[in-house]
Amino acid sequence: MASNQPNNGEQDEQLAKQTSKLSMSAKAPTFTPKAAPFIPSFQRPGFVPVNNIAGGYPYAQYTGQGQNSNSPHPTKSYQQYYQKPTGNTVDEDKSRVPDFSKKKSFVPPKPAIPKGKVLSLGGNTSAPKSTKPISISLGGTKAPTTTKPAAPAAQSKTETPAPKVTSESTKKETAAPPPQETPTKSADAELAKTPSAPAAALKKAAEAAEPATVTEDATDLQNEVDQELLKDMYGKEHVNIVFIGHVDAGKSTLGGNILFLTGMVDKRTMEKIEREAKEAGKESWYLSWALDSTSEEREKGKTVEVGRAYFETEHRRFSLLDAPGHKGYVTNMINGASQADIGVLVISARRGEFEAGFERGGQTREHAVLARTQGINHLVVVINKMDEPSVQWSEERYKECVDKLSMFLRRVAGYNSKTDVKYMPVSAYTGQNVKDRVDSSVCPWYQGPSLLEYLDSMTHLERKVNAPFIMPIASKYKDLGTILEGKIEAGSIKKNSNVLVMPINQTLEVTAIYDEADEEISSSICGDQVRLRVRGDDSDVQTGYVLTSTKNPVHATTRFIAQIAILELPSILTTGYSCVMHIHTAVEEVSFAKLLHKLDKTNRKSKKPPMFATKGMKIIAELETQTPVCMERFEDYQYMGRFTLRDQGTTVAVGKVVKILD
């Protein structure tokens, strides 16, 4: 009996007929027997992309495959590949087929107007300040931005974009087609007269667009840097002061009391020092022990080395240098004075002590002269010990001391009594008129400021911040490396920078900078008292050498011409005379090679060279040293061009460098 069920071939034909009558909607299930696996059209070989104005993928792609898009398949489904389609997305209602007939006819978008070319000079890629675009014509006259070029007749009516200009790195530009209308003249069009505009024309065009020139920017930046450098780490100006004067005038006592009154030495430490001084039988010296720290200085009551301390006022920071007042330590005093900006000349008003220090043999005169020759142009004269029973804040005694000092400082030392010198009475031991003004009941005749009040309100000092770096070496010692100490006379220094040691031409690297408070800092400027840790071959570096800029080193010479004023001389001075020269921190033996001229009171030179020189004369001479010494002309750098001559413990002359011969 034959089976009524159709065979496999007949079933396929029936299913095919049914399938052909199905509508192909968004969810219409389709099936083609023995069809190939589903492969999206864009993955088939030879696929050519066609712009789909409706966005997304066209639905007709499934009809050719004969597969249900929702059926499982080895390849990934359409939803997995296109979960976040780009461009226009299909409506979320998948059952609705998009009606493309309602879409407007597609019109290609107009090409965007080319943006103005921005020329970047000096690596600055930031946008120009002006919002007006800059157009540079490279093929003759420039087309105006408001006129559109006419399209060629062979092309469609759609607007043709302007030709593109290649980047500046290729250095090749395509000339723009000439416009039909006559353009307006501009500075940019006049600059571009050749097919390839020169670099100079491009640079001028960019400068015309930006009003601020490179030179102005550099000047403003330099001014900002200078202002930042002049602001110290605490926002206060740094000043170096040195206490000078005859032995036992009260320099160390005054310095110790300043440290206590400014809080640099706390009360507990001061009580400990006072207790130690009382046990040693020197109770009245306890304030000076804050600076005189060595056993020799405390035992003898005399300062030997230059004491160093640091204190602050409201507007300034101070490095205090306590110079020895004994005659045998004048060399140390010169070393301290060479690093100071302001000198404090301490005078004892006690009967007999003032006369001993000011008359012949005392150090008051010599210290005042040395301070002037070492570049201390402002002197504060402190009349100390006004509380002594022999004085008792006497106005008569105060004026007596001031009158004698003012005459000497004006005639011999060269200070102007009205502008360069300030006098004030104090009591270093009791602290009266040191920080706070003396009470009117104690001293009714003095109405001026106290010592610290005056130092804090002085006019600002001149600093050569922009000059090449110069720092004479005041001391050298080992502390986890080599430490070089001194005062920066010009310029500035930064950590990890290189410096040149003159006169030996040795390069060193600055690995660390420490200020007067022993704190490490990244940079320092002129006027600061610093310690530099250096790296390199420093075996030959010694005190008196100069750290300087590697690009602009100081001069080092063995022969120079100087103008000299003779102060004290036991005999006559002739050719071949030798003595010791103190210049900045260097100490070197020098000899007179030639006596060139004698100067009269008006500084007029004599026609014939003098045979000899005596006390009170001014001469011009040629001097020689055995080894090179760092120096500069006095008119160029005063602190590197002035010197002092000493012989047998006496200051015989002072001078300034006029000309460097080598």
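Each position is counted from 1, following the chain as shown.
Each Cβ is built from the backbone N, Cα and C atoms, and glycine gets one as well.
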Residue from SER120, SER167, SER390, SER539 to which Swiss-Prot assigns phosphoserine: SER539
Region 'G4' according to Swiss-Prot, located in which of 236-239, 316-319, 384-387, 392-395: 384-387
Phosphothreonine: annotated position in Swiss-Prot, out of THR160, THR182: THR182
Range annotated as region 'G3' - as stated in Swiss-Prot, picked from 282-285, 322-325, 598-601: 322-325
Swiss-Prot annotation of region 'G2' - which of the ranges 266-270, 301-305, 371-375, 396-400 it falls on: 301-305
Segment assigned the feature region 'G1' in Swiss-Prot (from 245-252, 493-500, 605-612): 245-252
Local confidence of the prediction over the region 'G4' (384-387), expressed as mean pLDDT: 92
Intrachain neighbours beyond the region 'G4' (384-387), with Cβ under 8 angstroms and 6 or more residues off its ends: 249-250, 254, 346-350, 353, 393-394, 398, 425-430, 432, 443
SER539 (phosphoserine) in three-state DSSP notation: coil
Neighbour count (Cβ, 10 Å) for SER539 (phosphoserine): 8
